[in-house]
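A.B. asks: According to TrEMBL, the protein has these features:
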ACT_SITE  Cys365  active site, proton donor
BINDING   Gly248, Glu290, Pro291, Gly292, Arg293, Tyr395  pyridoxal 5'-phosphate binding site
BINDING   Arg293, Arg334, Tyr338, Glu366, Tyr395  substrate binding site
DOMAIN    50-296  domain 'Orn/DAP/Arg decarboxylase 2 N-terminal'
DOMAIN    301-393  domain 'Orn/DAP/Arg decarboxylase 2 C-terminal'
MOD_RES   Lys66  N6-(pyridoxal phosphate)lysine
Amino acid sequence: MWSQNASLSGGTLSLAGISAAQLAKEFGTPTFFLDEGAYRARALAWHNGLQSEFGPQAGTIYYAAKSFICTAVAQWISEIGIGIDVCTGGELAVALAGGINPAKIEVHGNNKSVAEIDRAVSIGVKTIVMDSLFEIERVAAAARKHGVRQGVMLRLTPGIEAHTHEKISTAHEDVKFGFSIASGAAWQAVQAVAEHPELELRGVHCHIGSQIFGVEAHEIATDRLLAFMGKYRDSYGAQLPELDLGGGFGIAYIDGEVTVEPSDVLPAIGAAVRAACAKYSLDIPVISLEPGRNIVGPTMFTLYEVGTVKDVELEGGTVRKYVSVDGGMSENARTALYDAEYTAVIAQRASAAPHVLSRLVGKHCETGDIIIANIQLPSDIAPGDLIATPATGAYGRSMASNYNHVPRPPVVAVKDGKARVIVRRENEADLLALDVKE
Ligand code: LLP
């Protein structure tokens, strides 16, 4: 749950040698603290792991920007040499601001605007992943306009029920994403692309869901997509060069969960690819993956300050301690949206007090503003205590809102005893900046 350079001893949480109390004093709360060394190590582990499984030229890790992106992180990605998956024009703009080479950018999205497509084609992104027949026509039109041959992939739905929350499961049949293999829509898309010489079909893609443990779902997807590539080769006489298996690799949020490491899954994916290639008489294609959560999730914690504490008597006489912190559902929407689970510690002191049933809540005007529904916390927790929730790097700051006009927190990167702001805190001027006065 905690990142590799975080340590908890004697009740004091530190990151890369700086205590939580010092961090809070310098940067305020709530704040996302990002373990830069851990981020770089996790990104590199995926990159190296993929290369050692499939060979040096054999694939690309496209970091899923939606999990968290800012200009500094885009610069790190560029330095590390991996690619990026963006799913909107906004994410594309940040990737470019961070200096990522368009040849390492893959563009996703089920409803890319004509303007987004035009920009992506005009700057020469590596691939645009097709999600509808309309889009095939739109990308072809943009390629003709710019006089280029655009690399594209097809997002396929292989009909897999991944065991994860319904709202983050993406590859069963009844979803908005991709072309269904079973219904024939995928094959229709192949034929539609083939009618456009300005499109180069580079391969097929799937993303089966998020926060997935185990490799079974990826293994089944591998077999179904390679069967599809076999059918393509039989009809068109040439093999598609690339297979992109998406992201979705799970991380630990609470005790008892274990973060998936690249070395846990890549050998099994490698074996599944080799087996299916043998079965369908295919050469091993270039294999790409798009981990987001698994890279950034474990590398951040959110630091809050406790503002109020209230004992609330429940039916039957049980008491629940409501611990209110200075953030909430605006910077951690995941509990409200997905019943996500987190853990928390007091970050600046040890406590010998007994642990009691508690609920960590935010400052928003809403009952559902819950960060952790049920947690045992020391009974002496009090205003002024610092609370840290680990593993908030993915879909935390990236899904933050301004609900109740609460300014979104900053992101501070910490490395080798030095901390620096990479996304600054919003302020009152930011909150008013878009309002037009009568
Ligand atoms: N590739 C594609 C095409 C995706 O749609 C996604 C995530 C990813 C890669 C990265 O998935 P990851 O490796 O991060 O699991 N907001 C939700 C997660 C939504 C994921 C959407 N797509 C959450 O907070 O759990």
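Even glycines carry a Cβ here, placed using N, Cα and C.
Tell me about the surroundings of these features in the structure.
C.D. replies: Counting only same-chain residues at least 6 apart in sequence, those with a Cβ under 8 Å from the Cβ of Cys365 (active site, proton donor) are Asn404.
According to its DSSP assignment, Tyr395 (pyridoxal 5'-phosphate binding site) is coil. Around the Cβ of Tyr395 (pyridoxal 5'-phosphate binding site), the number of neighbouring Cβ atoms within 10 Å comes to 24.
DSSP assigns Tyr338 (substrate binding site) to a helix in the three-state reduction.
Predicted-model confidence for the domain 'Orn/DAP/Arg decarboxylase 2 C-terminal' (301-393) is 98, expressed as mean pLDDT.
Within its own chain, Lys66 (N6-(pyridoxal phosphate)lysine) has Asp85, Cys87, Glu91, Gly292, Tyr395, Ser398 as residues 6 or more apart in sequence whose C-beta sits under 8 angstroms from its own.
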A.B. asks: Among Arg334, Cys365, Glu366, which recorded positions lie by ligand 1, judged by Cβ under 6 Å to any atom?
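C.D. replies: By the Cβ criterion, which requires under 6 Å to ligand 1, the hits are Arg334.
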A.B. asks: Taking the centroid of the Cβ atoms of Gly248, Glu290, Pro291, Gly292, Arg293, Tyr395 as the pyridoxal 5'-phosphate site, which other residues of that chain lie with their Cβ within 8 Å of it, listed in sequence order?
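C.D. replies: Counting only non-site residues, the set is Ala64, Lys66, Ser67, Ser210, Gly247, Phe249, Asn294, Ile295, Gly297, Ala394.
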A.B. asks: Long-range neighbours only, meaning 6 or more apart in sequence with Cβ under 8 Å: which ones does Arg334 (substrate binding site) have?
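C.D. replies: Once residues fewer than 6 apart are set aside, Arg334 (substrate binding site) is near Ala340, Tyr395, Gly396, Met399.
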A.B. asks: For the binding-site residues listed here, Glu290, Glu366, which shows the highest count of neighbouring CB atoms within 10 A?
C.D. replies: Glu290
